[in-house]
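To start, the structure under review is shown below, and the notes come after it.
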Ligand code: 76R
């Protein structure tokens, strides 16, 4: 048996995609719509308090294309809290006007492929902690997709020796690092939690950098030979100031 990579696991993560039932939404009066929006803003305010207490983080993006109208990405220390948040949202008035279109459950993951030898407890290392328990950036754009590593015939990632995987991950990391300052990535592991093995969430202030990075990685062996991808979701930051116009009809 090949050696399994060791992972460090951080906050649990829910990507919750919703479409809006605009026809029903339009039937409300302005006052009713304002009330529904205010209730949702109240929920966001609660999430902000949690974020300021460093007990979680969240981001809201308006999704382009027909797969969804918006995405809520929420990170919390426990699976229970994610569940509570999902339930709390589902009980809001706004939820009555949304249609769930996709969701993804995972946990922030760092693997040891590129980690050096060390005797320290990684969970006490401030740099590692900032990645396991991140504050999501308010980047202008976000891109999410789930992915697997192939297990097919001769192309089976899980049959490769640790050293081979390390070498390929090194090359992967080098490409990734050349996008430092342009794209921030959060890898979340989802084996046992959802249909794919990882969720990839990218943040950038220049949306084109997603295409450039993902395209460049397609030529790198670990993606070219072993990457299998689910649906891609791309969106624009739905900042609090944009929410009013987003819901306005
Ligand atoms: O964690 C680290 O920064 C160390 C290097 C590193 C690891 C271990 C790293 C760097 N990644 C790692 C693991 Mn990655 N990554 C992806 C995708 O579209 C595609 O082809 C693949 C989707 C992107 C765009 C991306 C970006 N990475 C992983 C894993 C887990 C693999 C496993 O355990 O088998 C997956 C699935 C994955 C996928 N990666 C980086 C990036 C970027 C931008 C970096 C550089 C980060 C930085 O140095 O700041």
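Cβ atoms are placed via backbone N, Cα and C, with glycine included.
Any TrEMBL annotation is an automated prediction that lacks curation.
Taken from TrEMBL, the feature active site applies to 145. According to TrEMBL, the feature Fe-coproporphyrin III binding site maps to 131, 145, 146, 147, 148, 149, 172, 185, 223.
Among the binding-site residues listed (131, 172, 223), 223 has its Cα nearest to the Cα of the residue listed as 'active site'.
Ligand 1 lies within reach of 223 from the recorded positions 131, 145, 146, 148, 223, judged by a C-beta closer than 6 angstroms to any of its atoms. Spread of the Fe-coproporphyrin III binding residues is 23 Å (greatest Cα-Cα distance among 131, 145, 146, 147, 148, 149, 172, 185, 223). Within the same chain, the residues at least 6 positions away from residue 223 (Fe-coproporphyrin III binding site) whose Cβ sits under 8 Å from its Cβ are 172, 217, listed in sequence order.
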